[in-house]
Amino acid sequence: MSTDGTTIVWFRGDLRVRDNPALHAAAARGDAIVCLYVLDDESAGIRPLGAASRWWLHGSLTALAGELRELGLPLTLRRGPAEAVVRAVVGETEATAVLWNRRYGEAERAVDAALKSSLRDDGLMVESFQASVLFEPWTVLTGQGGYYRVFTPFWRSVTSGPPPRHPVPAPAVSVARGGVATGAVTEADADAPPLRHRRVDSDDLDSWALHPTRPDWAAGLRERWEPGSAGAHERLRSFLRSGLGRYVDEQDLPAEDGTSGLSPHLRFGEISPFEVWHAVEQHRARVPGDASGASAFLRQLVWREFAYHLLFHLPSITTENMRPEFDRFPWEEPDAAELERWQQGRTGIPLVDAGMRELWQTGVMHNRVRMVAASFLVKNLRVDWRVGEAWFWDTLVDADPASNALNWQWVAGSGPDAAPYFRVFNPELQARKFDEHGSYIARYVPEAGTDAYPEPMVDLAESRRAALDAYATIR
Ligand code: FAD
């Protein structure tokens, strides 16, 4: 089918050309395509990105623009409240169709629903697709028709149903116009209609100032990461080659490179969970020795699904205690100087400090240490989990509205299926168990054990007791 019309593909948390059903469907329509990304810091309820995520987004959009260029498609950048911006681009291009991949946050869904209905009222074709989660939240329900509040039954339910669909290829580049079609990112398809684009005014990415300048704190991030699909697929390949077989033994060891490092790539949709899922399944079929690593890894991947399941069914998870008794918890008002000690990794507790410094330097923290550093804040310092969540939101390159909130509530004990409040991680025991040789701590806190290192800001045993006493008042 080839028409004179224009189709807008609105990119959001799906910054890729492979396994992008909205882009794929646009290509199949044969219209001229406008690829649009909107930086929306203004729509009601949309949480502005944190600083580390903004840094990542710059790299991710640069990479996406490069991939689209290979298909002969420019990327149009606009800024403002998404509904108004998309409508403006529809007006400028006289588009007849708008396609996107679905989002699951409450505010995002409200924007999308309003836009869908107003565009349809105007006679446009609007279609949305499943791309960012393997199991859409409304398709996984308990026997009573409700949603899951506990992970294991959720996992059982999703793994007893049909497997996730296979990834769709990138649009073919058979007759890509206006760009250099190398074919590097796609499969040539002789039957595919030519990809045509419609050029519209675009912001200059640099004008969005997503990168920090004064000071430029992003050197460690640049060293560790390559935002974009190429970096994501390289990480997946290397993890399958040498990480998956060791995953069961090493996933909890922060000194090792024992996990995939895919979280920021998944967060921005540079690789899809479908691509990851099927690559792991294919690897498992080829290398049966890695089967237990594959199962353990897919289970972790499904924690991300569970987080989105809860975000959809219980949107208040991002800001409110899931267990209402925690509304009465006597949190300590954080003193700015104390909070800074935690944020900057100067608590005097080596594993906590190592984690907080890893976060500041690289934009991520190992999962095991995230649990320990979060537990220290919420329990030993008795600071409300939302304070820690906000710091992670600002500093993590994988900061994710669903996973961040769920995990903080899990550590705090205020969520469903949470670690009970009385389980207070002991950072010293955790260090002995998971950083046996002290190499993770030595990497980030080389002065630990010398006079230059601060005394612990609280006594671990005493503050644990105080936390349990505080908990007793709300039980
Ligand atoms: P791998 O072990 O390779 O796991 C593969 C993928 O599974 C990850 O990329 C991630 O998408 C998913 N995953 C793994 N563990 C979890 C989990 N516990 N919850 C949800 N998804 C998971 N993860 C985020 O993606 N964004 C966040 O904002 C975030 N905040 C967190 C806050 C706290 C307090 C804690 C304890 C954990 C948080 N996590 C968050 C979960 C987890 O720490 C990271 O997903 C993981 O460290 C990413 O490293 P990886 O990609 O190498 O993981």
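Cβ from N, Cα, C; glycine included.
Under the heading FAD binding site, TrEMBL lists TYR247, THR259, SER260, GLY261, LEU262, SER263, PHE297, ASP398, ALA399, ASP400. Shown in sequence order, GLY258, THR259, GLY293, ALA296, PHE297 are the residues of the chain, 6+ apart in sequence, with a C-beta less than 8 angstroms from the C-beta of TYR247 (FAD binding site).
Per DSSP, the domain 'Photolyase/cryptochrome alpha/beta' (5-134) is made up of 57 helix, 29 strand, 44 coil. Marked as domain 'Photolyase/cryptochrome alpha/beta' by TrEMBL: 5-134.
Taking the Cβ of TRP331 (site 'Electron transfer via tryptophanyl radical') as centre and 10 Å as the limit, one finds 16 other Cβ atoms among all the protein chains shown. Secondary structure at TRP331 (site 'Electron transfer via tryptophanyl radical'), taken from DSSP and collapsed to helix, strand or coil, is coil. The site 'Electron transfer via tryptophanyl radical' feature in TrEMBL is assigned to TRP331 (among others).
The 10 Å shell around the Cβ of TRP385 (site 'Electron transfer via tryptophanyl radical') contains 24 further Cβ atoms across the protein chains shown. Summarising the annotation, TrEMBL assigns site 'Electron transfer via tryptophanyl radical' to TRP385 (among others).
Packing around TRP408 (site 'Electron transfer via tryptophanyl radical') is summarised by its Cβ count: 27 other Cβ atoms lie within 10 angstroms of its Cβ, all protein chains included. Positions annotated as site 'Electron transfer via tryptophanyl radical' by TrEMBL: TRP408 (among others).
Between the CA atoms of LEU262 (FAD binding site) and TRP331 (site 'Electron transfer via tryptophanyl radical') there is a gap of 34 Å. The number of other Cβ atoms within 10 Å of the Cβ belonging to SER260 (FAD binding site), over all protein chains shown, comes to 23. When the binding-site residues LEU262, ALA399 are scored by other C-beta atoms within 10 Å, ALA399 scores highest.
Considering only the recorded sites TRP331, TRP385, TRP408, SER260 (FAD binding site) has TRP408 as its nearest partner by CA-CA distance.
Listed recorded positions: TYR247, TRP331, TRP385. Those with a CB atom under 6 Å from ligand 1: none.
Cα of TRP331 (site 'Electron transfer via tryptophanyl radical') to Cα of TRP408 (site 'Electron transfer via tryptophanyl radical'): a span of 15 Å. Under DSSP, SER260 (FAD binding site) is assigned to coil, being neither helix nor strand in the three-state scheme.
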